[in-house]
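Colleague: After the structure tokens below, expect a handful of questions from me.
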Amino acid sequence: MLGLAADRLRADMNRLLAFLFHQGILDEQFLQLQQLQDESSPNFVSEVVNIYFHESEKLLRSLRSLLMDREFSDYNKMGIHLNQFMGSSSSIGANRIRNVCVAFRAASEQNNRAGCLRALELLEHEYCFLKNKLHELFQIEQQRVLAAGVRYPMQNI
Amino acid sequence: MTAMQRVMQSNVSTSAATTTCYGGLSSCKGEEVMISDQFPAGLRVLVVDDDITCLRILEQMLRRCLYIVTTCSQAKLALDLLRERKGCFDVILSDVYMPDMDGYKLLEHVGLEMDLPVIMMSADGRTSAVMKGIRHGACDYLIKPIREEELKNIWQHVVRKKWNENKDLEHSGSLDDADRHKRGNDDAEYASSVNDATDASLKALRKRSNAKEEDDGEIENDDPSASKKPRVVWSVELHQQFVSAVNQLGIDKAVPKRILELMNVPGLTRENVASHLQKFRLYLKRISGVAQQGGISNPLCGPVEPNVKIGSLGRFNIQALAASGQIPPQTLAALHAELLGQPTSNLVTAMDHPALLQASLQGPKCIQVDHGATFVQPIVKCESSSSKHFPQSFAPVEDVTSGFRAWPSNNIVTAGPSNNGGLSSQNGNMLFDLLQQQLQKPQQQSTVPELRRSINVQPSCHVAPSQSSAGFQAGNSPVSVTQNSSFSRTAVIDYSFLLSQSNCSSLSIGQVSDVNLQTTGILSGYIPPASVSPSVSSCSVNADNCASQQVQTPNMINKASRNMPGFVHSTSNGQDPYGSTKSGDLLDQAPFNNVGYINKGTCLPARFPVHEFQLPLSSSSLGKVFSENIGTRVKQEPNMEFEDNARVGIPMLQQFPPNDLMSIFTE
């Protein structure tokens, strides 16, 4: 019975992953991350992803504050933030976010403030979406581990 | 008396000991690497990156490579660490954009003070950025996201550097006195554990790096550290003056003093001329006696610069590039081949001799003539194998010519793969113009991980020393891996050649115009045609090939292979999709994102670098999208988000001009 739950959960997880890959939200780099997880770092993926979330939120906030500033003119600074965001996003495999960053960067290079704003909004949207999905993924994973670990007393005899 | 004698003796012995010590230490450094049994495991790497995510990922990857990793998120801290723990690190990985210190500054500091190989990393993979890295003397330039395979090969930079240093020391015998002094100083530097901060060591190191030279006129090190001498770069004009002076004097009689007088260049010192002369002599020796150089003992023959400098480079300041530190020799080789191949360039040496060309290609760059042959054949093979896909006959050169927007001098001769030299020159020309084009357009390397291993098929590069004909086995040639990361466009050829390899993991794409070769992994190209369709259809070839290999999810693949033909159709309208139809780019993203997932394992994902082009967010289209999606999304149920997402996807695409591709999506 519980075995079924674990299997079902694994199926859910795979389905979610397949969806994320299919939609281009994640790419192979995420798989690389999963492969890096081993006995020495059993929670590597969630650790890295949490770092990513933490850092990204900081970046997004500073990007927004930059753009909201009435006298904003430092596109260079924005470019630097963007570059970091792009780097970390691509490193964890957040493909769509990275793509939006590219568009964002293009707009910023043209000093196109309106375009930057739009890109930022899209970026925030994509980011939130990814975050929700990844949280969901981790939840399923957790449940699966739990389900796989539970044993009925009778089974141990 | 006896006491004094004893003292004297002990003095002598200690001085003898010290001299051997100096000599010994310098050679020790080279041997160190070779005799270590853990090699390359245990390589001590210092990673500097302000992005904690990347730092953590890199750390894990490097640990998996069995390297000893130290991470640091601030450049200043890293420098302090390096200064304190001298000799505790073998190689440094540094990000380019860091808040407290520019990555290039760090690079310069490290180069000056510790002379460790530094590998730059960045999410910014545009050629201009990569070029900047090279110019600053980075050993390599990796583009994020970084794959484990790339990190596995970073040890080569350590080895290479050590070997180069040893070679330089070997050649110290041929130096005149001033240079010998320099070398002596260098040995002293090796031997002594002098702190970098001292002026003496700085000066000695600078003298040595003076020999490597840097940008003419520009003083790029604007760091405020101690005594700074402006470096000399041997630009084309300067080198021409030098060469004419040498010719005038006669190569045997050419002494630095007289050359200096003849050149009459203000600010040029005798030492500059002397070191340049030494390199020139070595180069001449090399190209004259080069035919016997079969197996390559070390991948980078010592002073590579002279080879490039010999040619007068019209379009590119190759010399400057070459001179400015450790340009990966493959790059130099590529550029060199380009130079040599240019029929119109006014080369001083007998470049027109194909034999000499091949010889010079061979020697310093350790390139075999049969490599040239190898290169030629694949192209021909490619043509036959994929003839059904490419309606046009195999006339890559002309196509390329027409396709390139900026084609400064049309050196491409019509003859196809008629001779190695010709072909290599054509490729070289393409390389150059690709580079130029890249410099003009800001571009972004998309992240097709496997594609980092795309082979740079420039005839003059990427030859794994021990392999003669199968030069481009991607997996086996560490050289190619990292090189490609810096010169993405140069994977001009070798499509079917690689296909014929058993492991098809190294398919490179030859694409022209603005397509970044790295991203177009599987889309192996032959000589990049101007129109995108042939290369695009080549991706359908590969998609088919790879579809037959391991497959992750069937639906992904189907979609991809459906997309491929669609894409082919869409681009066969002759116009360059990447260049002009910018709005189509976003559209192109989706299929290729999916395509990217097809191939696991050996096959490289075929992805088009859509996102590297400017995507002007036209107010009409994106605005609509944004207004739809803003605000409500985040907290919704997952299912809802799925639908919303789907809606996001499609409307965005529908904004763009209808296309065959579109039909695929609306199916």
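The backbone N, Cα and C atoms fix where each Cβ goes, and this holds for glycine too.
No curator has checked TrEMBL annotations; they are predicted automatically.
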Colleague: Among B:169-193, B:569-593, indicate the range for which TrEMBL gives the feature region 'Disordered'.
Modeller: B:169-193
Colleague: Mean pLDDT over the domain 'Response regulatory' (B:44-159): what is the value?
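Modeller: Across the residues of the domain 'Response regulatory' (B:44-159) the model's pLDDT averages 88 on the 0 to 100 scale.
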Colleague: Across all chains shown, how many C-beta atoms besides its own are within 10 angstroms of the C-beta of B:D95 (4-aspartylphosphate)?
Modeller: 26
Colleague: What are the DSSP helix, strand and coil residue counts for the domain 'Response regulatory' (B:44-159)?
Modeller: 54 helix, 24 strand, 38 coil
